[in-house]
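Worksheet for the structure shown next.
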Amino acid sequence: MGDVEKGKKVFVQKCSQCHTVEKGGKHKTGPNLHGLFGRKTGQAEGFSYTDANKNKGIVWDEDTLMVYLENPKKYIPGTKMIFAGIKKKGERQDLIAYLKQSTSS
């Protein structure tokens, strides 16, 4: 499991320009991530997803996020997420630990 505080820094640096995490947070370029764990791809209410995201049909958890965050366009070809990914496994683990805490409270 990753370090939540380090993960928060990763989120602020690499994700917060497009995403929010708090309950009731607004969608930006990317969807609000509250309730992410256990939700299927392309299901955040009120966000306009590509068909690729809606049709991927996986459920977000630690394992699916580890693969997705390494290379989003490889995992979901056709996603509109313009992000190259996080190559360092430790950074992904930290980010996922932060997301698990921040998107469920």
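Glycine residues also receive a Cβ, built from the backbone N, Cα and C atoms like all the rest.
Listed in Swiss-Prot for this protein:
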type	residues	note
MOD_RES	G2	N-acetylglycine
BINDING	C15, C18, H19, M81	heme c binding site
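Structure with Swiss-Prot features highlighted.
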residue	record	Cβ neighbours (10 Å)
G2	N-acetylglycine	20
C15	heme c binding site	20
C18	heme c binding site	14
H19	heme c binding site	22
M81	heme c binding site	18
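Reported as a whole number, the C-alpha separation between M81 (heme c binding site) and G2 (N-acetylglycine) equals 23 Å. Taking the centroid of the Cβ atoms of C15, C18, H19, M81 as the heme c site, the other same-chain residues with Cβ within 8 Å of it are K14, S16, Q17, K28, T29, G30, L33, F83.
For the pair formed by H19 (heme c binding site) and G2 (N-acetylglycine), distance between Cα atoms is given as 20 Å, rounded to the nearest Å. When the alpha carbons of C15 (heme c binding site) and G2 (N-acetylglycine) are compared, the span between them is 17 angstrom. The two recorded residues, the residue listed as 'N-acetylglycine' and C18 (heme c binding site), have Cα atoms 22 Å apart. Under the three-state DSSP scheme, G2 (N-acetylglycine) falls in the coil class. H19 (heme c binding site) falls within neither a helix nor a strand when secondary structure is assigned with DSSP, and so counts as coil.
The maximum pairwise C-alpha distance among C15, C18, H19, M81, the residues recorded as binding heme c, is 11 Å.
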